[in-house]
Structures are given as structure tokens and as C-alpha cells.
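According to Swiss-Prot, the protein has these features:
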type	residues	note
ACT_SITE	56	active site, thioimide intermediate
ACT_SITE	63	active site, proton donor
BINDING	78, 79, 80, 97, 98	substrate binding site
COMPBIAS	27-37	compositional bias 'Basic and acidic residues'
REGION	1-37	region 'Disordered'
């Protein structure tokens, strides 16, 4: 099967299918987007990231989260390899849970211009307290089915 060359809006060539070094920070990470061939159809796309990591900006200790990103694509789709690299750029980035979660949602909303987007950040306990952070762009398109994010509230051994 012949390779198909897909050009993205953000760069002449996608990162997909090429060796790429991990970005140093979320600010320098590139998100590739491709035209949505179903832009006139309301549907939901979900990315589940069960092993997201970042650093506490105060202690430098690692923080861990389970992210669920739901979006109703508009004119653009996010290319998943570039999303993976963008999310990996947080591994050495110091920010509070709320900032990481909301920054990811806002960056995706800015780049993709979706009809609707939400992100749930389910952070594992630090200091004995789990933090769940939720952000969305506005009202859900009428008639769009959105399943529950499927992440139970944190329960220790109790």
C-alpha cells in the first residue's frame, strides 16, 4: 500500500511517521492538526491518558494523573502522535494540577477550534488529597452523545 502524504495546517509535514525528539516543554511542543473529513457531522472523539505525569512546582516531586479528553471536532482533528508528544512534554514541567489540566484543554481548544471540548484530570493523591480538575469550552452540541468519563472517585484501601 502506498504511503499517503497528509499535510497538516500547523506545519508542512506531520510528525507522524518520522523520528521526532521529545519536546523540552509544553510551550515548545508542536501540535499537528489535520482536516476533519466529517466536519459537518457531530460526533465525539476521546483520548484517554492513564499515565500522565508532571512535576510539582514546589517540591519537584512527580505528580500522576489519569486524563480523559473528549472533543466534538470542528474543522480539525488532532494528530495523535503529536498529542502524545505534547503530553509527554509535561514530564519535566513544574505546574500545579489545576494549571496542567486547564492549560492542556485551552491549548487543544485554541489549536483545533472544536465544536466542544472537555478535559477531566483525575490526579492521584499528593499529601493525602486526590484532586480532580474539570474544564470545558461551553455548551454541548444538541443531540451529541457523550458517555461518562468512566473514572471512579479515588478510593484508597477503605
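Residue numbers in this text run from 1 along the chain shown.
Here the Cβ of each residue, glycine as well, is placed from N, Cα and C on the backbone.
Not measured: the values here are computed from a predicted model.
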Which Cβ among the recorded positions (63, 79, 98) has the fewest C-beta neighbours inside 10 Å?
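Counting other Cβ atoms within 10 Å of each of the recorded positions 63, 79, 98 gives the minimum at 98.
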Measuring Cα to Cα, tell me the gap between residue 80 (substrate binding site) and residue 56 (active site, thioimide intermediate) in whole angstrom.
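That comes out at 26 Å between the alpha carbons.
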Across all the protein chains here, work out how many other Cβ atoms are within 10 Å of the Cβ of residue 80 (substrate binding site).
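Around residue 80 (substrate binding site), other Cβ atoms within 10 Å: 12.
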Sort residue 79 (substrate binding site) into helix, strand or coil using the DSSP assignment.
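It is coil.
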Between all pairs in 78, 79, 80, 97, 98 (listed as substrate binders), what's the biggest Cα distance, rounded to the nearest Å?
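Greatest Cα-Cα span of the listed binding residues: 25 Å.
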